[in-house]
Protein chains: 2
Amino acid sequence: MKFSPLLGELISALTCLPGVGNKSAQRMAFHLLERNRDGAMKLGTVLHNAMEHIQHCQQCRTFTEDEVCEICRSPKRQEAGVLCIVESPQDVLAIEQTLSFGGTYFVLMGHLSPIDGIGPADIGLTELETRLKQEPVSEVILATNPTVEGEATAHYIAQMCNSLDITASRIAHGVPVGGELEYIDGSTLTHAFSGRRKL
Amino acid sequence: MKFSPLLGELISALTCLPGVGNKSAQRMAFHLLERNRDGAMKLGTVLHNAMEHIQHCQQCRTFTEDEVCEICRSPKRQEAGVLCIVESPQDVLAIEQTLSFGGTYFVLMGHLSPIDGIGPADIGLTELETRLKQEPVSEVILATNPTVEGEATAHYIAQMCNSLDITASRIAHGVPVGGELEYIDGSTLTHAFSGRRKL
């Protein structure tokens, strides 16, 4: 027996979610049909709305349904003159949750990766350059991931900043708070030593 | 920072899926926005369609968008005169995949559970009784789960069948094929011994 056509369609549509295979999709479909039809209807409506209206912020490229996102609109944040470069909107959220950064962001939506054909234009570096030339940015904080591609991207942007006479800084690499030296990998420890600070 | 309102709404709507908490919902939302907007739009449409049109089959209570499901419509299956009682539509699927059963089904959509206030009427036993009186059913196979509630439900239906002079049989409990005796629990082994067959 196959499922009834519409049920089969629902199950296969649910597999578009990341980490959801055929078996989980079946479980989800039956759960929604048996216990949460209202929630499923709402999800359907919100999915439509979100996919239609959520676009990239024209200034920082994060996801928003407005033309310019809330952070970019805040005059207080623009006055700070500090621009933080991150790879994804999730990174913005992680940094915002610390409450320790009061500047604006620029979201690359990826990183330089020549092997996948992703060059500077694909991660918005043309827009970034225009922005750095127009806005009174005093410092650029490079908060890309500490991976090979993230480091390469940070270096590329740092050179761009240098040529425009803007200070570029990289977030510190080192031992995470609460970590134990015994279990930290060698590369991180090396970074922690070379980045040591006077007390 | 909170997410933009619509993004927040999307994330909270996604948590209606079973096994999806806030963090997984975030991951799903960003994945759909970044990589699969078409899939998400399709999912939205299918969710609406499915929740509106998928109902219970009027005869066997499984999920279907038709009034009567494909299995119940098949004259060949009705002629077999064997009715299999299961707890959920997923069980129908599991049995159909074995290709070893050629009769019709009745889906309880649950099991008797007085402690949760689920009585005979809630699992469709009134409809089942009417059906057993009207249709020429020669045997009822009780394929509820081998749990306390499943066994109780099976017993209840068996008594109903007896009072209507219809043979009721219970699927066999025993050692699963491919299993090793060493690792089988005592209760299953006891069932396997008491249900032994002459070779």
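Cβ coordinates are placed from backbone N, Cα and C, and glycine is handled just like the others.
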In TrEMBL, which of the ranges A:9-24, A:25-40, A:57-72, A:89-104 has the zinc finger annotation?
A:57-72
Could you count the residues of the domain 'Toprim' (A:81-176) that DSSP puts in helix, in strand and in coil?
43 helix, 19 strand, 34 coil
Secondary structure content, the zinc finger (A:57-72) (per DSSP, counts of residues):
3 helix, 2 strand, 11 coil
Taking every residue in the domain 'Toprim' (A:81-176), what is their average pLDDT?
92
